[in-house]
């Protein structure tokens with residue numbers, strides 16, 4: 001499906017009293033930023049379509065911890081405990097080298113100008129486009145944090161077996177609505193999940209929720225071969241949308257309606273007795289791909305506008321996305 005242009009904004013965006021993000025932030029200081037990011041993402045997704053999902057997931061995991069400030073990209077050091085080894089991140093995040101490559105190109109073109117947080121935000125938008133999803137304009141001007149939070153990564157990020165009310169509360173805490181939550185979950189249409197994250201589902205109530213067609217029964221057997229009930233295969237992977245795993249579409253919602261969501265947390269949005277509101281939204285997106293694309297774009301921008309006010313005051317533009325700059329310098333576009 002060709003990418004669909006859905007959103008355009010004025011040149012200036014504000015969220016309450018937060019510093020504004022703008023569409024033309026790098027127009028003078030690094031006019032080729034969007035082109036450079038796009039070319040690198042094209043290469044990455046062409047070499048492996050899974051890279052699109054990795055980058056989108058990185059952006060999500062960044063924004064839910066201290067806001068969209070590039071903190072998820074920081075490596076552990078003697079003085080800084082990063083987020084990469086938090087329970088919800090360890091062995092599941094990827095795409096760091098892609099961001100490194102983009103950063104290296106931008107440092108050659110516009111040294112000390114483009115933040116890692118902005119790179120990740122642009123790259124996530126491009127990732128969606130490159131696998132068939134919608135286009136939207138990306139507000140820019142984020143700074144990179146000098147800190148990370150292992151504790152917040154463990155607490156703020158939704159888990160695969162978490163209850164629907166708990167996940168909703170985590171989205172509301174970030175200023176995102178129930179509609180935003182259901183729309184953003186649609187990114188799982190290009191995602192993969194590890195056996196340890198869907199084992200309880202396929203050996204639990206999958207049989208109860210699925211439509212028990214020949215295809216669904218066959219798929220369940222395949223999942224069980226990938227993910228044995230005990231003892232091994234923890235990191236074996238399966239697509240969360242087995243129908244069109246490398247295409248950004250609304251197939252994910254069809255699977256939920258058919259009771260074939262791979263993760264408990266996803267299927268809960270349709271099958272839980274508490275899913276009164278979310279069930280109707282799932283049905284809407286299953287029936288209307290354009291409505292899904294429109295809302296996903298709006299919700300993704302909204303998520304990307306979750307700011308870390310401290311980073312605007314004390315933040316920086318990192319030279320290397322994995323490490324805080326040495327010295328007391330502050331870079332600005």
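Heads up, the Cβ atoms here are built off N, Cα and C, so glycines get one too.
Pulled from TrEMBL, these are the features on record:
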ACT_SITE  61  active site, proton acceptor
BINDING   62, 65, 67, 69, 71, 83  Ca(2+) 1 binding site
BINDING   188  heme b binding site
BINDING   189, 241, 244, 249  Ca(2+) 2 binding site
DISULFID  30-110  disulfide bond
DISULFID  63-68  disulfide bond
DISULFID  116-321  disulfide bond
DISULFID  195-227  disulfide bond
DOMAIN    20-325  domain 'Plant heme peroxidase family profile'
SIGNAL    1-16  signal peptide
Pairwise CA distance, residue 188 (heme b binding site) versus residue 241 (Ca(2+) 2 binding site), rounded so that it is a whole Å: 7
Between residue 241 (Ca(2+) 2 binding site) and residue 227 (disulfide bond): CA-CA distance (Å): 16
For the domain 'Plant heme peroxidase family profile' (20-325), mean pLDDT (0 to 100): 96
For residue 63 (disulfide bond), nearby residues of its own chain (Cβ under 8 Å, 6 or more apart in sequence): 174, 303, 304, 306
Length of the line joining the Cα atoms of residue 110 (disulfide bond) and residue 69 (Ca(2+) 1 binding site), in Å: 20
Residues near residue 69 (Ca(2+) 1 binding site) in space but at least six apart in sequence (CB under 8 A): 62, 117, 142, 143, 144, 145, 307, 308, 311, 315
Sparsest Cβ surroundings (other CB atoms within 10 Å) among the recorded positions 61, 188: 61
Integer Cα-Cα distance in angstrom, residue 195 (disulfide bond) to residue 71 (Ca(2+) 1 binding site): 27
Position of peak Cβ density within 10 Å, selected from the disulfide-bonded residues 68, 110, 227, 321: 68
Nearest-integer angstrom distance between the alpha carbons (Cα) of residue 65 (Ca(2+) 1 binding site) and residue 116 (disulfide bond): 15
